[in-house]
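Below is one structure, written out as C-alpha cells; comments come after it.
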Amino acid sequence: MEPIKNLPRLCRTLGYEFKNLDLLTQALTHRSAANKHNERLEFLGDSILSIVISDALYHQFPKATEGDLSRMRATLVRGDTLTLIAQAFKLGDYLFLGPGELKSGGFRRESILADAVEAIIGAIYLDSDLEVCRQLLLNWYAERLAEIQPGINQKDAKTLLQEYLQGLKKPLPDYQVINIEGDAHDQTFTVECRIDDLSQSVIGVASSRRKAEQIAAAQVLELLKK
C-alpha cells in the first residue's frame, strides 16, 4: 500500500483540521488496500452532502419546483462534480490503494475519487458535527451554488463549453483519447481537450471516453471563468 504523503497539507487544502486523523486516513483508504476502508464513511457522507445541498437549494430558490430542485441537486452531487472537487484537492496523491488498483491507475479513476470525497465528508461529520460540515460544504460549493439556476435540464459540461465558445464565435474544443489502460472490462481513459484560448491542453481521466471528455470540459470551463 502506498504511504499517505502529507495529511496536514491535505487538511489545509480541505479547510478543516482533524482532531482524529485516523478518520481521515480511513476516508482515504480504498477497499482494495485494507479491511478498514472508506465505504461506510462514504455512505454517511453521501447522505450528509445530499441534505446540505438540498437545504441550500431550498432556501436559495424559494420559487423553484420540486423537479427543478431535484435536478439541480443531482447536478451538484453527481459523480463527475465530485471528481472535479477531488481533483482540485489533489486527492489522488493521498489515497491508500491496493497493488492492483495502484497498477491500473486507481488514483485517477473518477469513481474512486468521487467516493473518497463523500468518505471525507462522513469523516468530518464524525470528527465534528453537522453544522461544521454544512459550513465547509457551502464553502466547497460556493461557486457552483452561485452559478446554478433552475431549468428543465441541467446541461452537461461539454454542452456548456460548446455554447460558451459559440457565444464568443470561437472554434469548438478538440477532444482526443491519448491513453487507455486496463483490461477490457475495467479500462481507464485519458482524454485531452484543447481550445484556442488556452495554451495548454486539459486532461480528463475516467472509466469511459464520454466521462473523461466531460471531466476535461468541466475543467476547461473553470479555467475560462477565472
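In case you wondered, yes, glycine gets a Cβ from its N, Cα and C as well.
Annotated features, as they stand in Swiss-Prot:
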type	residues	note
DOMAIN	7-129	domain 'RNase III'
BINDING	E42, D115, E118	Mg(2+) binding site
ACT_SITE	D46	active site
ACT_SITE	E118	active site
DOMAIN	156-226	domain 'DRBM'
Chain-internal residues near D115 (Mg(2+) binding site), provided their CB is under 8 angstroms and they sit 6+ positions away: N38, E39, E42
Among D46, E118 [recorded positions], residue with fewest other Cβ within 10 Å: D46
For the Mg(2+) site built from E42, D115, E118, further residues of that chain with CB within 8 A of the site's CB center: N38, E39, L41, F43, G45, D46, A114, A116, V117, A119, G122
Nearest-integer angstrom distance between the alpha carbons (Cα) of D46 (active site) and E118 (Mg(2+) binding site): 5
Neighbouring C-beta atoms (10 Å sphere around the C-beta of E42 (Mg(2+) binding site)): 22
Helix, strand and coil residues within the domain 'RNase III' (7-129) as assigned by DSSP: 89 helix, 2 strand, 32 coil
